[in-house]
Amino acid sequence: MWLYYLQVVMDMRVYVEGYGCVLNTADTEIIKNSLKKHGFEVVNNLEEADIAIINTCVVRLETENRMIYRINELKNLGKEVVVAGCLPKALKNKVKGFLHIYPREAHKAGEILKNYVEKHYRMPYIEEDINKTLYKKLDYLKPSLITPLPICEGCIGNCSYCIVKIARGGLISYPREKIVNKAKELINKGAKCLLITAQDTACYGFDIGDNLANLLNELTQIKGEFIMRVGMMHAKNAELILDELIEVYQNEKVGKFLHLPLQSGDDEILKRMKRGYTVDEFKDIVNEFRRKIKNLCFTTDIIVGFPGETEEQFQNTLEVLRELKPDYIHGAKYSQRKGTEAAKMKQIDTKIRKRRSEILDKLRRELSYLNNKKYIGKAMKVLVLDEGKGYTDNFKVVKFEGGEVGEFRKVKITDAKTFGLKGELIL
């Protein structure tokens, strides 16, 4: 069927849907804009499309299964399907017979598809060449009220459970000048919130003699009223630049939001996960942030049921969480991922994982509500996202009446819910 489309790129309509993290969300937009540049019409309605591109996530087994189900669903609807993102890179054999677009090729999506349609030729994937100009992904970002801003690709970790490293590879940081120039462009064209994103923002620059604190400091000097949310950091890398990081966090343009995954509150499990820090080292980072950054919103991730995790080790995790009281906990049952070291370890019964997940969910709700109650009576700066909703300057969701989209307003918090706040405009 592909040959039917020879020489008719200008008439072709492409539907794109994406899944996964903020970094993948950015890639989905990059794919769309690359397609437009190369003459394709991007449509929002699947029924109108000749081709469907699915930008996949593969972080968990159930996510992988959902992706494969959706791919087959699109195929059965009679669409030509292109599989992009982490799934084809990490588990190529699972999606044989489809055209693939890998994470580091998102900005080349239009060129790849055009070549395939017109010549039935798949451009070779030469990662060394792609890595040299990977920063050109930034050229395909367009402004919106909230805009993801990727700063690097890959990471320097080697966590024993993680398939994303297989999909996204080692660290390639974008030049600071390129990021800052793109941020200026986005803000000048109306962006009010930049989501600074990467697999691990804390390792930014380690490969090019730079670091995240330097980047953030330069970004804060951009003129205009805007706020940045710094994405997930690995604790072992954040620790290396901790003092500089906390200093730049005191700038009003840096949201008081810290996403620092703990994963386990037991040192033996952390060692087997290859996380590279101890529980005490993790606590020290969080406590130092809280000591110097007022109203810090601390978010963390926890994996329950990691291979070999005993009941005592699980209880150790709960105890650490009760002590640190994160504002929000992303809890997940351990997922066995092909090609990872942890997949070869002795696995825990799924019923035990499920029970521990339920216990964690109850605790995370309790802690979230406990934290949110502290804000009742406080006046907070809020970015209005849409009618009746906004982000506080530490990225809690607050509901209120009034305000124009894109404005920064003062809101007094009047009530707290488990995962959000209520308030009223005062300025």
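Yeah, the Cβs are placed from backbone N, Cα and C, and that goes for glycine too.
A quick note: this is a predicted structure, and the numbers were derived from the prediction, not measured.
Feature annotation from Swiss-Prot assigns [4Fe-4S] cluster 1 binding site to Cys21, Cys57, Cys86; the stated evidence is sequence analysis. The [4Fe-4S] cluster 2 binding site annotation in Swiss-Prot covers Cys155, Cys159, Cys162. Annotation comment: Swiss-Prot describes 12-118 as domain 'MTTase N-terminal', evidence class sequence analysis. Positions annotated as domain 'Radical SAM core' by Swiss-Prot, on the basis of sequence analysis: 141-370. Look at Swiss-Prot and you will find 373-427 tagged as domain 'TRAM', backed by sequence analysis.
If you average pLDDT over the domain 'TRAM' (373-427) in this model, you get 96. Counting only the Cα atoms, the space from Cys159 ([4Fe-4S] cluster 2 binding site) to Cys86 ([4Fe-4S] cluster 1 binding site) is about 17 angstrom. One way to see the shell of the [4Fe-4S] cluster 1 site is to take the Cβ centroid of Cys21, Cys57, Cys86; the remaining same-chain residues with a Cβ within 8 Å of it are Tyr19, Gly20, Leu23, Asn24, Thr56, Val58, Val59, Thr63, Gly85, Val164, Ala167.
Helix, strand and coil counts under DSSP for the domain 'MTTase N-terminal' (12-118) come to 60 helix, 24 strand, 23 coil.
In this structure, the C-alpha atom of Cys21 ([4Fe-4S] cluster 1 binding site) lies 14 angstrom from that of Cys162 ([4Fe-4S] cluster 2 binding site). A distance of 13 Å separates the Cα atom of Cys162 ([4Fe-4S] cluster 2 binding site) from that of Cys57 ([4Fe-4S] cluster 1 binding site). With DSSP classes pooled into helix, strand and coil, the tally for the domain 'TRAM' (373-427) is 1 helix, 31 strand, 23 coil. Cβ neighbour count for Cys21 ([4Fe-4S] cluster 1 binding site) (all protein chains, 10 Å cutoff from its Cβ): 18. Within its own chain, Cys155 ([4Fe-4S] cluster 2 binding site) has Lys165, Arg168, Gly170, Leu171, Ala198, Gln199, Asp200, Cys203, His234 as residues 6 or more apart in sequence whose C-beta sits under 8 angstroms from its own. On its own chain, Cys57 ([4Fe-4S] cluster 1 binding site) has Tyr19, Gly20, Cys21, Asn24, Thr63, Met67, Gly85, Cys86, Leu87 as residues at least 6 apart in sequence with a Cβ closer than 8 Å to its own Cβ. Other C-beta atoms found within 10 angstroms of the C-beta of Cys159 ([4Fe-4S] cluster 2 binding site) number 20, with every protein chain shown included. Secondary structure at Cys162 ([4Fe-4S] cluster 2 binding site), as computed by DSSP, is coil.
Taking each of the binding-site residues Cys86, Cys162 in turn and counting other Cβ atoms within 10 Å of its Cβ gives the largest count for Cys86. Each of Gly157, Asn158, Tyr161, Val164, Lys165, Gln199, Asp200 belongs to the same chain as Cys155, Cys159, Cys162, is absent from that list, and has a C-beta within 8 angstroms of the C-beta centroid marking the [4Fe-4S] cluster 2 site.
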